[in-house]
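I have placed the structure first, in the form of structure tokens, so that the comments after it can refer back to it.
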Amino acid sequence: MVEGKGELRRPYIRKEVRKEVENRAPKTDDGKFIDPNTGKPIEGKYDLGHKPGNEHWREAEKAKKQGLTQKEFNDRMNNPDKYQIEDPKSNRSHKYEMP
């Protein structure tokens, strides 16, 4: 879904939501996050990725059909259950998205 006039923008994820996702994320013994898609430790910066089935395009499409406002969509998407810590390469490949 291309963002344009009348489309829902990608919401800002609140600090407390991001912190909760970080707290729930699997980590190595030395504290590195583990990518749930690959099972490998993440070196460097991570992406806050969507869990399968909660991809932005899918959620925006559903919200649009339901007539949600941007504020309602923002509130819905600020839910730590929708996110996981991912390696940027893994996340941006879209390889692990639900079909």
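Glycine is treated like the rest: Cβ placed from N, Cα and C.
Across the range of the compositional bias 'Basic and acidic residues' (20-33), the DSSP-based residue counts are 5 helix, 2 strand, 7 coil. As annotated by TrEMBL, compositional bias 'Basic and acidic residues' applies to 20-33 (among others).
According to TrEMBL, the compositional bias 'Basic and acidic residues' annotation covers 42-64 (among others).
Residues or ranges marked as compositional bias 'Basic and acidic residues' in TrEMBL: 72-99 (among others). Summarised by DSSP class, the composition of the compositional bias 'Basic and acidic residues' (72-99) is 14 helix, 4 strand, 10 coil.
Under the heading domain 'Toxin YqcG C-terminal', TrEMBL lists 30-97.
According to TrEMBL, the feature region 'Disordered' maps to 20-99.
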